[in-house]
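As written in TrEMBL, here are the features:
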| type | residues | note |
| --- | --- | --- |
| BINDING | 20, 25, 28, 50 | [2Fe-2S] cluster 1 binding site |
| BINDING | 90, 93, 125, 127 | [2Fe-2S] cluster 2 binding site |
| DOMAIN | 205-390 | domain 'FAD-binding PCMH-type' |
| BINDING | 744, 775, 1028 | Mo-molybdopterin binding site |
| ACT_SITE | 1210 | active site, proton acceptor |
């Protein structure tokens, strides 16, 4: 059992969240405190509770988010500041971030910004864009400590250097509670006494399938390893925990050596530093940093290389528990540290009960994939990391998709030793990870270079030999073959320049000086502290302080989210007779089901029943628009992850084990996986849409230039931090069922559950308290789980719960649509576009879902059918993705103007894009930056900068006209309190907060009197999904309508008693028998579009925005830095500028992932290969632009929405394409340096691989790609 399971299921402490179960998101972060007897010191450290075995925590104090503060009691300053800084939106990640910061402060009450950024490397957030979290916590640091509100005259800590361009002094709440480290909870005295007084720490825990043995002496563990040679030695459980959870591994005996002194010791010798194998990576890093500060520089080259790798090794929570010995013994071929240990020739001490031996870590240590020279009875006792010699130079490199907390693509460590007083190579070791099944030495290359002078000839010889030696099979797991091979050369070149630079200053050594334009290739990446400015709109003078509309009011749930008290679906307390469900899914993309064998699963403990298609009493047909899906597969599967059935058991663990034990036989059929395969097979959903405006052929004839091309834009996993969850509770009579669901679409869930159960919709109640993120992914795809859970609960007449694991969620629910576009554009010499012809193909997955709605407004559009999980609605729908395909660098000349007509013949009025454009150009200082970038690019060969400015226009309305309606229900109670219910759901976007602000304005009462409990189908029926960014408009107007009805009813009593209070008027109306409850309703007027005539009004209005971004790329590795972004967004008159800016920043960062980072990899047989944060990377804290400015356009009222506001959720996402095009601009500069000019194709996302491969140079030419069709690739572009 993990600590997380114990906290949530045994103790009912649900503040600690489950986000991934693999230590990759940080949602489950808690702080552990342990008294170390060998140092006599107290140690506090953050860990991932999802990986921490409960039996490893003997004599350890656990502090969760509930333990440091609460809304009822008192918030801890760490909780308060993230809430008041608007750093909590959906709130699911917030407890983990709070605990990471808390653990940092317990160890270091006055941290630096760099310390804080390091502490957050293991935490992810999908909503906020990270900026407000850093801003709030910056107040704890010595770089930007909190002034406690005392700095109003000289400028507050929230506004100095970075913060808000305030419009009135109440706009920013700076009344932070002071942080006093002396008032923290002490380590329990009982644990202290037990820790000091315990004579033996030997422990034994026996479970159903494993025995946990914790010896406390070296002799004991050697004896146990001799007795149990196959036992796994576990310190941090960061590897074994993953194997047990996701790879179905079973280890009957586990040895835990954490308390053995010899395995935790650190010894300084004449040759180096010896670390016990159980030393954590954090401890090793601290020791080596101290050594670097005290030893002569020439002795610390190896130490610095290790420290460089540790900077980017997983997250802080992993480094705090993972042991150096575990890193070596897992024998990962992409280990970050093993190449350094191998290049440095580290010595390992191995031991069994008969004695010890010392081996050097060289190319013979790893004997195969995940295998070493250790005999089964041996353990690794220690590693000696040597001092470097005077003429030795060592460098280490890691290239991964994301810098922070990511698995490497290629790692390398290189060590060269020169003959004293010369530049002649005496010894050379080049070690690589990611280039074979083990960490390898490039021995052939090293042998050729020994005795050679360190110069250009050696470089050429090294590159040509490395290109021959470091080869990969084109079908190798992980793919990216050309990129990986090129990296081996590029990284050596970086090492070559670094050594040149270091040896140039040495006396008596004759080497050439590194050219000034190459120096940047030697620089190690050190992130700059980000700074930001948020420019709010002015609050009209004279507005009452009680009128909160238009003010930056804190998210109503922020405090509860920061303390862990906010209740999400899986936090609902367990029912006494509740069961847990686990899904049985297809492992084939397209196949007939021959047989399903449950016999092995039936014998497992805790299993109650199985659910298959025959158990569905109603209809097995389902789908949000077209019933082209099945609740449970019946005879055939059409994607990997297709739900075949389910197991219901007493616990989650038992249900999941049983589901994996079900054996299914298939007859495989040919799948359609890629867009190209669908085009070849004509596998299209109907109708195929075409929009034509004007005469394109005439336009092409008038054009001076015609450009044709094609582009692919990858899909995206929504990666809401809270995975899909459903709790179904039968109510015992009339077929009634109550469901607690994490969904954006309560009414659709209600109708599809009722359809599956065979009951009217009035027997099903769906309740949604809040979601831990949605982003469109929970608009329709949540029903694939909810219907199955409801069927199971109905069959058993008992409550049934299921919360998907991250890998299940990614596999089953699909993601955003990949697009493939072919374009032809004609334009004049001036850049004016005369004609455009575009065909788009969308990968919709194995069912229609909402794909046609996503993709309706294009020139010609094909929705393709594929054998993988159906794609869900994106946060920003299809038109955002397709915009990339037609972006041309003609910019302002081709901007829309007031009165222009769109391709679907809608006239643009209240047009503000030109204002956004001009303001963005001004605030970004575009012209000055363009000149500075051109100068930088002339001065630097291997790093290039790029700049791009991109506008966006986003139509607001559901394209299905009937969805543009909303309802609200408002109750006024006799004490004057107000209960507000509306049809929208809260997923972090602040919808409930805005609705309360609107009600407060209309009712004329403080917002504290108004409460929203939840969204439910028995209060407001027939609700539209909370989607399309229209929810504030629709539900806000419905709330306004209901409140105005009530105010009209109260008007006589206000007139009769004008000096009375709100409570007086309410009571008077009540005693006069006037209804204090009202339904509100709103429908968006004048909508409707006809495809055949290409006429009508598609959207109610448009949101506009412009972003300008600057980036820097490393031409040798493909890595890039986001230097700055300036955004100007038209949100009309903002209902809440703090929430709106948070939405802009969050959408921008999600777009940054879409366009530069996030890649879904599928095998040629349709298997999703990226199923969690370990393999699928969303932006992290370190990915935000170093300088970020967000401005809300002023004086731009919108008369088509509630209180002149505009929608904000989805529109800003496309602005992140400014980073994509800035990258392309930088690549163009790199290609020009190599003499390559003209257009080139860059598919999205602009990953490090694509950037590096596009920067053609002498290194890429040595590593040509294999001929397409001559091999089976590891993954395909779907």
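In case you wondered, yes, glycine gets a Cβ from its N, Cα and C as well.
Note: TrEMBL annotation is automatic and uncurated.
When the CA atoms are compared, no binding-site residues among the candidates 28, 50, 93, 125, 127 lie within 10 A of residue 1028 (Mo-molybdopterin binding site). Of all the recorded positions in the record (744, 775, 1210), the one with the smallest CA separation from residue 125 ([2Fe-2S] cluster 2 binding site) is 775. Its Cβ placed at the centre, residue 125 ([2Fe-2S] cluster 2 binding site) has 32 other Cβ atoms within 10 Å. In the predicted model, residues of the domain 'FAD-binding PCMH-type' (205-390) average a pLDDT of 95.
Within 10 Å of the Cα of residue 28 ([2Fe-2S] cluster 1 binding site), the following recorded positions from the list 90, 93, 127, 775, 1210 place their own Cα: 93.
For the binding-site residues shown (20, 25, 127), fewest C-beta neighbours within 10 angstroms: 20. The CA atom of residue 1210 (active site, proton acceptor) is located 9 Å away from the CA atom of residue 775 (Mo-molybdopterin binding site). Other residues of the chain with a Cβ within 8 Å of the Cβ centroid of 90, 93, 125, 127, the [2Fe-2S] cluster 2 site, are 88, 89, 91, 92, 94, 126, 128, 721, 772, 773, 988, 1146. Between the CA atoms of residue 744 (Mo-molybdopterin binding site) and residue 25 ([2Fe-2S] cluster 1 binding site) there is a gap of 23 Å, rounded to the nearest whole number. For residue 775 (Mo-molybdopterin binding site), other Cβ atoms within 10 Å of its Cβ number 32. Comparing C-alpha positions, residue 127 ([2Fe-2S] cluster 2 binding site) sits nearest to 25 among the binding-site residues 20, 25, 50. Just so you know, the Cβ of residue 93 ([2Fe-2S] cluster 2 binding site) picks up 30 other Cβ atoms within 10 Å once every protein chain is counted. Taking CA atoms as the reference points, residue 775 (Mo-molybdopterin binding site) and residue 90 ([2Fe-2S] cluster 2 binding site) are 11 Å apart. Residues 4, 17, 18, 19, 21, 22, 23, 24, 26, 27, 48, 49, 96, 806, 1173 surround the recorded [2Fe-2S] cluster 1 site, their Cβ atoms falling within 8 Å of the Cβ centroid of 20, 25, 28, 50, which are themselves excluded.
Residue 25 ([2Fe-2S] cluster 1 binding site) sits 8 Å from residue 93 ([2Fe-2S] cluster 2 binding site), taking the Cα positions as reference. Here the CA atom of residue 20 ([2Fe-2S] cluster 1 binding site) lies 16 Å from the CA atom of residue 90 ([2Fe-2S] cluster 2 binding site). Between the C-alpha atoms of residue 50 ([2Fe-2S] cluster 1 binding site) and residue 93 ([2Fe-2S] cluster 2 binding site), the distance comes to 14 Å.
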